[in-house]
Amino acid sequence: MIRYCSLSIQRSVRTFMTSSTQSQVAKLCIVGGGPAAFYTAQHIIKTFPECEIDILERLPVPFGLVRFGVAPDHPEVKNVINTFTKTAKSPQVRFAGNVNFGIDLSLQELKEAYHAVILTYGAEEDKTFGIPGENLKNIISAREFVGWYNGLPRDKDLNVDLSDENVVILGQGNVAVDAARMLLSPLDELRKTDITEHALATLADSKVKTVYLVGRRGPMQVAFTIKELREMINLKDCSSIFEKEHFQGIPELIPNLVRPRKRLTELLVKSALETNPKPSSKTFRPLFLRSPLSFTGDSKVTGVEFDLNTLQGEEFEHQTAISTGVKESIKSGLVLRSIGYRSVCADPGIPFDKQKGRVINTKGRVDHGVYSAGWLSTGPVGVILSTMSNAFETGANVVDDIRQDIINLNEKKPGLRAILSKLDARGVQTVSFDGWEKIDQEETKRGKALGKPREKIVNIGEMLQIAESGKKLTAKG
Amino acid sequence: MAQSALRGLCSRAQSFRLFVVPQRCHSLSRPLFKKEDVEVTFIKASGEAIKTKGKEGDSLLDVVVNNNIDLDGFGACEGTLTCSTCHLIFKQNDFDELPEKPTDEELDMLDLAYELTETSRLGCQINLSKKLNGLEVKVPSTINDARSS
């Protein structure tokens, strides 16, 4: 069965090989199957069509954070999947899911099989505070929380307790706001999305009334973008309440700001100084100038102890938070930590900056024949446009290096065939793009029965089973 | 009666306009349904000018898609106002003449665009009218210098 699946991918290798000049085909491998991978591939096949690009993804399903990160109530953002699918179906590209880089295959093995390896496996590890009580129950990383409602297999069994009225989210970026919106949105709005049924069931019993979004600095340093703020302000049956005292002097700064900070600050000030909050049953409360000192509770978290800060420094971009020595407690039965991610070093052969949690690279160039793109390259910042342009840049540099013979195409490389036989020998069942499309159809079917666009399958074994079902040999993997 | 029959015939003919002689249809029915061509030129970051046509009512994103214009990553969210990849820069005169001012939601997305200018708009929000015939818009480069660190 395992062998069978890989054969269908192999066959597509041969089909393509016969139609091109064998010695001059660039055999490239992309590790990771998210937006950075597809945008890099898109750019390379356009500018250097004489290539074979194999995308190896750890999960059986493609699209990375577009599937598992983008909030379920932002379906429009997922339209990029249409372009990615087009790329996946182009004759030069093959997708192989369920391949765990660093475990099933090493970087050295990929370097031997390909002319170049492009690492795009993202940033999956959460940053932590390292303060007392951080291991209490119901202190959860926002990344896990997002994975839980978005059907990421490894987070499917996360135990989220929504029995308390108060939630503290630590961090003021877009992930933090997404988590807040999921907790504060009317359930009927979420039912129409592809949010997982297990999350929906838990949210249906939620007692949450107030979500605090806490940052260590002030309103001038928030990291979320204006669209996310506007959504919170316009959310049904939820009012946004700000601490007015933290906005002193800020309206005067606005004329000298530039976009996007200017418009974001205008909207913040306007909302903060709003005198008539709408009547609502839920409240969104951004809090500023607070750093967590410890978490309280016996086994489950019951509150957060904060140090109140003041800002030091002239230019607001570089202001730092320093403690005033004044303390404050906020009661909360759930804490979500959303202070950023770091990448993991998936293979000891990767030049890696442990401090910054990303691959050491210059414009996507890592080492001879090794490249990187996306969050692994830049750190976990920016919207899809940032990842797109970063991936295009890496793609352009790969093609430049091919054209300048820095990547030598005369060197014989076995490509996917060698990799698949290794995976076969190691008992790894790979999933082709056809296999993903079967999973996709099944998810859409299950979603339809529930009145949703899709019900995600969260069990890897089940995904593999569906991908294999009714398998027929196809020319294109 | 005769008119509507003719109209049906012509619109059907129009959808296969590559395979029929279009002139006849054009001249007979123009006042009833024919949308006029509007000429648009896209200037790429490299300086290359792409002259093309759209129909009245088409958005500039439609023009790019329908004419298969090769602009990397353009229109990623397919016109749903959730990205800024169809960012275009207008000449001041043209910008001032655009019938509709940008909404907050469009400006929110433009805020995240690279090379944002005072005369930037999202292509998916600009619909062609006869008045815009001959429009020239600049397409910012998508491959941005890696400034993020």
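Cβ coordinates come from backbone N, Cα and C, glycine included.
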Among A:E228, A:E393, the candidate listed by TrEMBL alongside A:Q172, A:G173, A:N174, A:V175, A:R216, A:R217, A:G382 for NADP(+) is A:E228
DSSP, reduced to three states, assigns A:A36 (FAD binding site) to helix
Near chain B at Cβ under 8 Å, of the listed binding-site residues A:E228, A:G382, A:V383, we get A:G382, A:V383
One of the binding-site residues A:Q172, A:G173, A:V175, A:R216, A:E228 has its Cα closest to the Cα of A:E57 (FAD binding site), namely A:V175
Between the binding-site residues A:A36, A:L65, A:V175, A:V383, A:I384, the one whose Cβ has the fewest other Cβ atoms within 10 Å is A:V383
Here the Cα-Cα span from A:R217 (NADP(+) binding site) to A:G382 (FAD binding site), rounded to a whole number of angstrom, reaches 20
Counting every protein chain shown, other Cβ atoms within 10 Å of the Cβ of A:E228 (NADP(+) binding site) number 22
Among the binding-site residues listed as A:L65, A:W375, A:V383, the Cα nearest the Cα of A:Q172 (NADP(+) binding site) belongs to A:V383
Cα-Cα, A:V383 (FAD binding site) versus A:G173 (NADP(+) binding site), nearest Å, comes out at 12
